[in-house]
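**Student:** For reference, the structure I am asking about is given below.
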Amino acid sequence: MAFLRFRRYRVYIFAAVFFLFLVFRLSSNSQLNAHHTTIYKGYSAPPDGESSAGRGSSSSSSHDSASGNFGAGTPAQDAPPSLGSPDVSAPKVPAEKEPEKVAASAPQSMHIPQLHTSLEIKGSYGLPTGPRSQKPTAPQQTDAAASAPKEDGAFDSNRVHQVNPPATHQETAVPVVADATAKARPILSTSVIHWMKMAEHFPIPEESLILLPTGSPMPIPKIQHKFAAEPDATREIRESRLASVRGEMQHAWSGYRTYAWTHDELAPVSKGFRDPFCGWAASLVDALDTLWIMGMHDEFDEAYEAVKDIDFTTTPFRSEIPVFETIIRYLGGLIAAYDVSGGEKGKYPALLSKAVELAEILMGVFDTPNRMPILYYHWKPAFYSQPKTASSSVSVAELGSMSMEFTRLAQLTGHSKYYDAIARITDAFEDWQNRVNGTAIAGIFPEHVDASGCNRTAAAIQEAENASKLAKAQVAAANDIETEPVGYKPSQPNSDPMVAQDKVAIAKTMPPDLEFRVNSATKPGEPATGEFRKVDDVASASVGKRDVGDAVSKGAAPNDATARVAVAPDEGKTPPGSKIMAGSDVQHANKPVSAPIAANGKVAKFDCIPQNLTAGGYGMQTYSMGGSQDSTYEYFPKQYILLGGLVPKYQAMHEKVVDAVKKYLLYRPLIKDDRDILFSAKVSSRDGTDKDMTYNYEITHLTCFLGGMFAMGGRIFNRPEDVKIGGKLADGCAWAYEAMPMGIMPEGSIITPCANMTNCSWNQSTWYEKLDPNIAWRTKQMLDYEERMKTWAKESDEIKELQRARAEELERERQATLEEALANEPSSPADAVGLAPGPETPVGTANIGKRAVGGADKTPVTAADAVAINEKEKVLQGDLDLNADAAAVPKAAAPAKKPLPELVIPPMPVRPETHEEFVQNRIERDNLVPGFISMNDRRYILRPEAIESVWYMYRITGDSSWQEKGWRMFQAVIHATRTEYGHSAIADVLRDPKDEPVQVDNMESFWFAETLKYFYLLFTTPDVISLDDYVLNTEAHPFKRPT
């Protein structure tokens, strides 16, 4: 039996042995162990008092045999063998030391990778590193290539066509994180794809660069108020508030450092992290200058060490770089940290080096035919190696909010190519602004812009015209062939019973001067006949070589060119315009043929019709100072300051903007307070002019920057009215905070505007009319309801009267029937039902039925009951007579009574809401504040724009009331957003402040960069980041003004 069991399972035993053998061989394979990938271990939160550990281990480099380490105190690890994938260069030891003399465990300083072109790094996608210089390395100029534009100004379309286009997807593995709360920061192994510098497709020759303005700055009026010495009591209050703001910064930074170190954002509720901005530590970079300004120098030094290890050449989180966000957060943050920490005289040169490294990558976005940037930059070499054009639909803010960062970088490095890149964008906006009827509202731009530089509408029309002309020309060219190839026979379908294959077979066996001709049958039923005939005879017998059924003049010679009829060839034949060859020695006298039509029916070559910036998208053009437009206008006066007043166009552009805003966008809201405040509306133009516009009286948090812009521009350009308007705009946002239940304004809302800017007292009726614009309809509905109620009441009374009368009539009929039945009552109950007992039936048992119990007699049936039973039996018999003929006439049909109409009282009409009731219900349902019409977005996401304008107004006017307003805003924000590990955005600012706020577990990097910074600067002494010494970008990063 054991042997039988072995035979039964021997297949499984052999398979198991074979599998174990394979596992053994696989585990003993030395090459398997050799092919490791280095896993990036990332930053753990450094212990207090220690320098931060380096981020990741070193890898082998094909450009240097020495191995290094990331950051101080981190030993170098063994590099993995090459896997044939693109190499990532490891930081090197300083050049003055011999590699073999450096101990592997010795702490090394971070080396900033130097950028090289693809020609210098053959076969590598990585950036090699060299010895870190003490001063920032100047970026190398891009090698010039052939000029892109044609002589006529049109762009060569061939330059934009892809060559060896990339695959549909280029993989970049995403690191696996075992625990969301893990402190380690994983990145990719050495097989990841890295950005690599390449020659530009549309370079600007160096002699054509727009040079950075040089020279002594022009006199610019002082921006800040001249503050007097403050009393001791005031100073104590200010310093106490200052300490509170600094404490909240320390609290939030501690949470980030513990749970999201070197990640983009902290999730302050769940203790997690997010990486929406490529995973380059957005919060850390954004917070650098804030740390320095608040005196948190130890934290700054720790963050500085982490910045050295950021690799801007790769990211596992996004396939495209969000250019606008990357510039204002990363590039602006690095430059500002360099400026505030001492600049060239400071101890942090890597800040500028990393800024240059990032800028070199971002310069690729300007490599387009018209030098307008690509705003979502596909950084992988397989994609950006192909020529591209800018998008035909971009936002104004994204396109125009790069100027300050690249201008300051050009000032720090001395390279005009950075300034040239953004100056061309400014020139394009200036051209558009100065164009007659360029925009519906002169001076400002629609929300969406076509930056492609190509007039696609005109190009489409031109393509269609060219396609039509070329198609006609090709057909004509084919029809104008003067001679036909020898032996050419046009197809004549259904004229010959012999199939084409048989004709070919016969043609191969007969003499070359003969042709086999099949003649149709002469009589029905007889077979067809055939004969061999000479080619000449066949030709003379035919009407014409190209005759396809059309009549030809009898007098024309058969071979005369005028006898041939031009007919489009059958489908599947040789296309028009191509040569028809019977042999290689046959010559044609046809005319030259035009270029072929592409497969899509368009001409194969596309020529771009150049155009400047214009409105993008379709439908109405929208204008506002809110999201997608704001920072471009903000940068006009700030660029003027940053360039020392040497470029006057920025003043002109700013003044046109504020004039347009004052004329078209500003409005005063209808509120219960007497405060004279202003907001900026959103306007849409239906026809591209200012004749047909619709207004949306919005209050958005992003628009709150406008007060600071007006006030600062009014001060530097000597426009005092603009300073006052800036104060009203800033106070409007402060009021919006105070008006909400939680003391924080929402992201977006709609409010009732005043009809008169100068006289605007509270009018509840006007607010109610805005809440319910259908007052007339609702009033008519109520009048109709009242009429319907009158009609219903009258009908109800009539029906009730009829019901009463019918009830009386039915009662009379019942009484009459009863009386008649009593009059005809039989002598016995049995006779009443027609069941007389037989002689054998005992008296008293005739009415005992099947259900009699105990033999007891039933109650005798009365005459009235007998009548009722008889009527019921008749009805039942009629209902059950299913087989009766519907057409048959009953033998004894009682005369039918006319049915009486049903008397039912109709339902009472539903009462509609009155205007007042509708408004009250809406106010209660939406928890609306007086004056507001709707709350489009109830969130608060830690935005800074309101406190930004409050700070500007305090520094410009010196009015301490702005500090009080700012302090109330700060208290409300901290109360609603503070968590155990940081500060969180909230979902609804309209909730009762006594209730717990709904926190959404999100803390964007601008909480560090802007919001807390502005709160802090509001309570510092005025000399800290003075507006006469610094100019702040849209992310509140201060750049040093030229002196």
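Numbers run from 1 along the shown chain.
For all residues, glycine too, the Cβ spot is worked out from N, Cα and C.
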**Student:** Quick one: sort out which of 520-545, 572-597, 806-831 is the region 'Disordered' according to TrEMBL.
**Tutor:** 806-831
**Student:** May I have the DSSP-based helix, strand and coil counts for the residues of the compositional bias 'Basic and acidic residues' (806-817)?
**Tutor:** 12 helix, 0 strand, 0 coil
**Student:** List the residues of the same chain that sit at least 6 positions away from Thr1034 (Ca(2+) binding site) in sequence and have their Cβ under 8 Å from its Cβ, in sequence order, or write 'none'.
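**Tutor:** Same-chain residues close to Thr1034 (Ca(2+) binding site) (Cβ under 8 Å, separated by 6 or more) are Ile328, Ser401, Met404, Asp630, Ser631, Glu634, Tyr635, Phe705.
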**Student:** Check Thr1034 (Ca(2+) binding site) against DSSP and tell me helix, strand or coil, would you?
**Tutor:** coil
